[in-house]
Amino acid sequence: MIFSTISTYLLLPLLFHLANAAVFTIQNNCPYTVWAGAVPGGGRQLNPGQTWSLNVAANTKGARIWPRTNCNFDGSGLGRCQTGDCNGRLQCQVFGTPPNSLAEYALNQYMNLDFFDISLVDGFNVPIEFSPNSGGCTQGIKCTADINGQCPAELRAPGGCNNPCTVFKTDEYCCDSGNCGPTSLSRFFKDRCPDAYSYPKDDQTSTFTCPGGTDYRVVFCPSDAVQIADKSLDMCSRTLVLTSITNFGSVFVC
């Protein structure tokens, strides 16, 4: 009986950990191959229509998933990507090189909430959707505009569109001092993808939450992202919550 009781107490933290882990389903709906990058997680080549299921531990923070394009890797997983390259490796251990669209997240943080966002602070290369895939949270976000085709001349890059911080590296665009606001160039991104980060201090309209333990999906080139987003806005109340946890600012709670 004593052994049984001790075993139960030892298992409780493990069971709690497993219950709050998240599964990320990464899907490529593009008509071309995309090499998904993930930290944590590594990387995976996704041909059109393929998916990758990624298990992420509870309490993970500072994490991201992103698309890489025009990659070439040898049999040992070494090579190069035109956009989103992660130090020349198929299995990413570092963040990608701009420009790349980002799905960012932190799990089981303040009040056991997951924080998630789409960020264009590293620019844009592939349309992207980031949505909860389980439980009662329904607030999906997306960025599906033709940003590459409409990219301002000074931000254009092979295979994508740079954020102005990447190009000019000034405090005005990068917020190195912590005090900056939107610019005409950041508004180019915000006007086309209002749910996404367009500059580093764009928290109030760009960070979302779900209860810890929610699963998610990240879709490259989503075909129905507009309809999903419109429906979710009717079902999810946007309540502003202020917190400084894991460098996230103002957030919306479903």
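All residue numbers here begin at 1 and follow the chain in the order shown.
Keep in mind that glycine also has a Cβ here, set from the backbone N, Cα and C atoms.
Residues or ranges marked as signal peptide in TrEMBL: 1-21.
According to TrEMBL, the disulfide bond annotation covers Cys30-Cys221 (among others). Neighbour count (other Cβ atoms within 10 Å of the Cβ, all protein chains): 19 for Cys221 (disulfide bond).
Sequence annotations record features per position, and here TrEMBL assigns disulfide bond to Cys71-Cys81 (among others). Here Cys71 (disulfide bond) comes close to Thr33, Trp35, Gln45, Gly79, Arg80, Cys81, Gln82, Asp85, Leu90: these same-chain residues lie at least six apart in sequence, with C-beta atoms under 8 angstroms from its C-beta.
Within its own chain, Cys86 (disulfide bond) has Gly37, Val39, Gly43, Arg68, Cys92, Gln93, Val94, Phe95, Gly96, Thr97 as residues 6 or more apart in sequence whose C-beta sits under 8 angstroms from its own. Annotation source TrEMBL lists disulfide bond at Cys86-Cys92 (among others).
Look at TrEMBL and you will find Cys143-Cys193 (among others) tagged as disulfide bond.
Within its own chain, Cys151 (disulfide bond) has Phe124, Gly160, Cys161, Asn162, Phe188 as residues 6 or more apart in sequence whose C-beta sits under 8 angstroms from its own. Taken from TrEMBL, the feature disulfide bond applies to Cys151-Cys161 (among others).
Marked as disulfide bond by TrEMBL: Cys165-Cys174 (among others). Around Cys165 (disulfide bond), the C-beta neighbours below 8 angstroms that are at least 6 residues distant in the chain are Val121, Tyr173, Cys174, Tyr199, Pro200.
Summarising the annotation, TrEMBL assigns disulfide bond to Cys175-Cys180 (among others). Spatially close to Cys175 (disulfide bond) yet at least six residues away along the chain are Tyr199, Pro200, Lys201, judged by Cβ distances under 8 angstroms.
Look at the disulfide-bonded residues Cys30, Cys81, Cys143, Cys161, Cys174 and count other Cβ atoms within 10 Å of each Cβ; Cys174 has the fewest. Looking at Cys180 (disulfide bond) and Cys30 (disulfide bond), their Cα atoms lie 35 Å from each other. On the backbone, the CA of Cys30 (disulfide bond) and the CA of Cys143 (disulfide bond) stand 14 Å apart.
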